[in-house]
Amino acid sequence: MASQNRILVLGPTGAIGRHVVWASIKAGNPTYALIRKTPGDINKPSLVAAANPESKEELLQSFKAAGVILLEGDVNDHEALVKAIKQVDTVICTFG
């Protein structure tokens, strides 16, 4: 049996990213998600709120419960990005 690829999803809480994370989990891949540390009290208007009614915190909790490994960082932070990429086999970028 072939080993599964470790998948890193950039933009995992967005409209597309959340579906990519779930598809990776369903395929049985060890799945990592690079998430930004943002204060919980910032509520930006979202165009995808109707299609994805859960909050970011709720989504991240469901990711954790499903076994997703959450890595804190930002794509604009070179060191954090390189550190995250070195842990996986495949990177999928889902942000605009």
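All positions are counted from 1 along the displayed chain.
The backbone N, Cα and C atoms fix where each Cβ goes, glycine too.
Remember, TrEMBL labels are computer predictions, not curated facts.
Taken as a whole, the domain 'NmrA-like' (4-95) shows an average pLDDT of 88 in this prediction. Residues or ranges marked as domain 'NmrA-like' by TrEMBL: 4-95.
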As a quick check of your reading of DSSP, tell me how many residues in the domain 'NmrA-like' (4-95) are helical, how many are strand and how many are coil. 28 helix, 17 strand, 47 coil
